[in-house]
């Protein structure tokens, strides 16, 4: 147990180190001036330039520069955006929770709908209902997410006019960002009609969540179905059946838990796809999340923002992945380290 | 005549024959294969089959509706876009670019992924642990993020976005190759060749690689569907193919400007991407279940 924990913390630190090295290298790789890419400040004259060079240790060798960069990252000095001139740390602090919120609801939807459907299809494998669930999930899985989001906007926002087209909440509500999560912020704000604000926030959330969630749900259904069918063919299920256990008992005592185990590491892979999808959907719904922010940054060639944004997003995704992997190792020590299930 | 024949059947199907026989049993998979084949024919023969030049602008025929609409005409099957370019020809060339670049990326990612995966699978001890874990962790970086970084360094363009997607596809191949090599290396037939004095290279080329091809084909179809979705997504976001190049995602993004006036400019490229990806996924699923059936026999 302690060995596993130690191993994973070393892995985590090593990966973070690789990522920070990458992000530091980006300042050199991006077009333009290294000092401007690193700080986001355009020096007005030579004197200011030299002062900044000294402050960021750019006059010394690369190792010293990198160590100083690490210190800056740790102390919260992430540089300034080219386009807005604001501190990047504050901008990411607002954008990141919006993405996490959207992804969280999408995952929730995928788990709540995908797991029961997947179990049902797996138990009734090769029946008509299984085949229709499978067909539906392959179809949903194949829809390009940006087109799906466009169709949702067309149907629900433009034709039926029941959902707003963009943003997180109507501008009529003045909600100061405290935690960054809109629903929590509404609860904490005084002097507004909380019920109305909540309803408004939910109607803004519905379409983007559905666009991201539907595709995640489809892959969860496929994974669970496959895993249940694999478990059903195991000898211990035959043994249980020969002992005369009822179908329900076999399902509840032997199938449910054993089918979930091989799926966990695959869920970790799904997070990557999920975040990519969320980032694309954010641009279509003008959701003020990190994906929208990064894509605006690339359109405006805002290099400091890209450098830190890349570090922030990849750190988030990788910490989640490593956590899931670690959790999986702890609850399932019997498995080989590199073993993973297939779809 | 021998007293009893060991093999009753006169014809001994090879593994590929048996997979094909199992694949043929599923009607949906056959339909998927047919549709995919159609897309391949369209892509390969686009210059011969397309009625117009995909970039030829016709000022007299802006935003003509598709032929099945009331005011449409058969001379432009799918109608025209805001610059009077024939949508059918554009989509045909779009399949060529999207599917073609997708295939190219998958082959490239497969070559690199298999080589690194084999190395990682054959390494032992601390070195392999570090290589494996770091690769595992780094494969978690989202494709879009890699694409954004590469576009920021090299600039927009189809080729640059292809590099980004290839980079993002490689880890899957590394992962599966590594796992396959590890599990295969424990089997008896590998031990037998090793006792015969085969070195690592010979083991890989003569024993492991022939058994790996099927896994690679299945992984390849999976990767192809991801590649097609990703390249069109980057085209749509204006980070990949630029709008002068008929790439399916870029065509869709072009149509977005006139989505109110001419919804078919958004609908038709979208449906094309969807059907293309669906056919790839159906064929991939069919292949996988065919292999599974053959293995369980």
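Cβ atoms are placed via backbone N, Cα and C, with glycine included.
All TrEMBL annotations are machine predictions without curation.
Quantities reported herein were computed from a predicted structural model and do not represent experimental measurements.
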Segment assigned the feature transmembrane segment in TrEMBL (from B:28-50, B:51-73): B:28-50
From B:143-170, B:171-198, the residue range that TrEMBL assigns the feature transmembrane segment: B:143-170
The transmembrane segment (B:28-50) versus listed stretches B:103-123, B:216-241, B:261-284: most Cβ pairs under 8 Å: B:261-284
Long-range environment of the transmembrane segment (B:216-241) - Cβ separation under 8 angstroms, sequence gap at least 6: 97-99, 101-103, 105-106, 109-110, 114, 143-144, 147-148, 151, 156-158, 160-162, 164-165, 168-169, 172-173, 176, 247-250, 252-253, 273, 276-277, 280-281, 283-284, 287-288, 291
